[in-house]
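Swiss-Prot annotations:
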- Cys50: active site, nucleophile (ACT_SITE)
- Thr49, Cys50, Asn51, Arg52, Ser109, Glu114, Gly115, Gln116, Gln120: substrate binding site (BINDING)
- Gly198, Ala199, Gly200, Arg201, Met202, Ser203: NADP(+) binding site (BINDING)
- His99: site 'Important for activity' (SITE)
Amino acid sequence: MHIAVVGLSHRTAPVEIREKLSIPEQTMETSLQTLRGNDQVLEVSILSTCNRLEIYTLVRHPERGISAISDFLGQHSGLAAEDLSPHLFNFHHDEAVAHLMRVAAGLDSLVLGEGQILSQVKKMVRLGQEHKSMGPILNRLLTQAVSTGKRVRSETNLGTGAVSISSAAVELAQLKLGQAQGEDQLMTLESELVAVVGAGRMSRLLLQHLQAKGCSGVMLLNRTRQRAEDLSADFPELPVECRPLDDLNHCLSTCSLVFTSTAADDPIVDASLLKQLKRRSFLRLIDIGVPRNIASDVVDLPGVESHDVDDLHEVVSRNQEARQQMAKEAEVVLQEETRLFLEWWDSLEAVPTINRLRATLEAIRAEELQKALSRMGPDFSARERKVVEALSKGIINKILHTPVTQLRAPQARQERQQALRVVACLFELDPPLEDG
């Protein structure tokens, strides 16, 4: 068995490629079942965010397993192998484990140390458990990754003042407003007519940061108006006008700054739509949805400026240098957590021998107990039989405790294998079945 990860991220692929591989929650079960149906895949879980799509697996054979996952991604995206493969990465065993720890800690994020990725890893664990695509190995690995992410944020300064995709989007709007006025600095949004399209988690964060940056009011649109009203109720100090998504044309005609973050599979704004509108002002669009909510053809229109998640690099790079030093603190934690998991993984090599040893001793115990009880005669009560049986089981457990602990203890693989051979020889244990 081998742990492997195959995927792509903002580091390896532009948004126009990433959006083709995005797997929304409503189709996650189907994707997991498809992957689990491959005879190479023993366990699987999927991390799908606006900046990455990563498939973590336990496979029978590393090369064949990685090939099977890559084939799935090609079929899912509709991209030819020559178009997709340059953007894919894959890691095997210790590199896969170390990569996941970095992801959960926020060290592989566009926004270094951002906290939202930890929630997304937790969601990956929940979906994998709900859809029963994970087994003991990935359960252990992903649960430890979540713990590692929490530990990094509590034991280092990396999480202090960390920005998110949403806060970076608001800063990008401030920066572009300043640049339009000939200033290379963040400008207030107080005079802007601002709209947010969507009422999910990213939109909640947008409202939070817009309020913090002095925004005077927001038009909030959502397919379900009630959800927009529920969200706006959490921001009593920010004037929010809730509207249904059907009012999108009105929003685009009247607002000067529009953020989009919906779960739509296709763009909800394109050039043909904007051409039909009588806009009152310059329109700045900032799209943090993946798949994208704003079609790329709008950039050719006069009076329209459009940005997507890949454009956030411009503001992220302004505060990354200071955070790089904080990341070095986190690396120490990641190395320790990776080592702990790999030690646990190595200890699994002893499990078949331990199980066969336990079964051998249990058979001896049961046989000898039966002989003893048969000699006791009918005067030996049921209660006394239970006491003797418990005694025999306790003796076996005491005998097994020290050798089992030693076989599972961290040690060089060569030393463990030698110890396993000695135990198998001493107790004449049958060899384990080879994994197919």
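Cβ from N, Cα, C; glycine included.
Annotated features taken from Swiss-Prot, shown on the structure.
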{"residue": "Cys50", "record": "active site, nucleophile", "contacts (Cβ under 8 Å, 6+ apart)": "Arg18, Ser22, Ile165, Met202, Ile288, Gly289, Val290, Val309"}
{"residue": "His99", "record": "site 'Important for activity'", "contacts (Cβ under 8 Å, 6+ apart)": "Val5, Phe91, Asp108"}
{"residue": "Ser109", "record": "substrate binding site", "contacts (Cβ under 8 Å, 6+ apart)": "Asn51, Val103, Ile117"}
{"residue": "Gln120", "record": "substrate binding site", "contacts (Cβ under 8 Å, 6+ apart)": "Leu47, Thr49"}
{"residue": "Gly198", "record": "NADP(+) binding site", "contacts (Cβ under 8 Å, 6+ apart)": "Leu221, Asn222, Thr260, Ser261, Thr262, Ala263, Gly289, Asn293"}
{"residue": "Ala199", "record": "NADP(+) binding site", "contacts (Cβ under 8 Å, 6+ apart)": "Leu220, Asn222, Thr224, Arg227, Ala228, Asp230, Leu231"}
{"residue": "Gly200", "record": "NADP(+) binding site", "contacts (Cβ under 8 Å, 6+ apart)": "Ser261, Thr262, Ala263"}
{"residue": "Arg201", "record": "NADP(+) binding site", "contacts (Cβ under 8 Å, 6+ apart)": "Gln116, Ser119"}
{"residue": "Ser203", "record": "NADP(+) binding site", "contacts (Cβ under 8 Å, 6+ apart)": "Val196, Val197, Leu220, Asn222, Leu231, Phe259, Ser261"}
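Using a 10 Å Cβ-Cβ cutoff, Thr49 (substrate binding site) registers 22 neighbours.
Site extent for substrate: the farthest pair of Cα atoms among Thr49, Cys50, Asn51, Arg52, Ser109, Glu114, Gly115, Gln116, Gln120 sits 15 Å apart. Each of the binding-site residues Asn51, Gly115, Met202 was scored by the other Cβ atoms within 10 Å of its Cβ; the lowest score goes to Gly115.
Taking the mean position of the Cβ atoms of Thr49, Cys50, Asn51, Arg52, Ser109, Glu114, Gly115, Gln116, Gln120 as the substrate site, the remaining same-chain residues with a Cβ inside 8 Å of that point are Gly106, Leu110, Val111, Ile117, Ile165. Listed in sequence order, the residues Val196, Arg204, Leu205, Leu206, Leu231, Ser261, Thr262 complete the 8 Å Cβ shell around the NADP(+) site centroid, once Gly198, Ala199, Gly200, Arg201, Met202, Ser203 themselves are left out.
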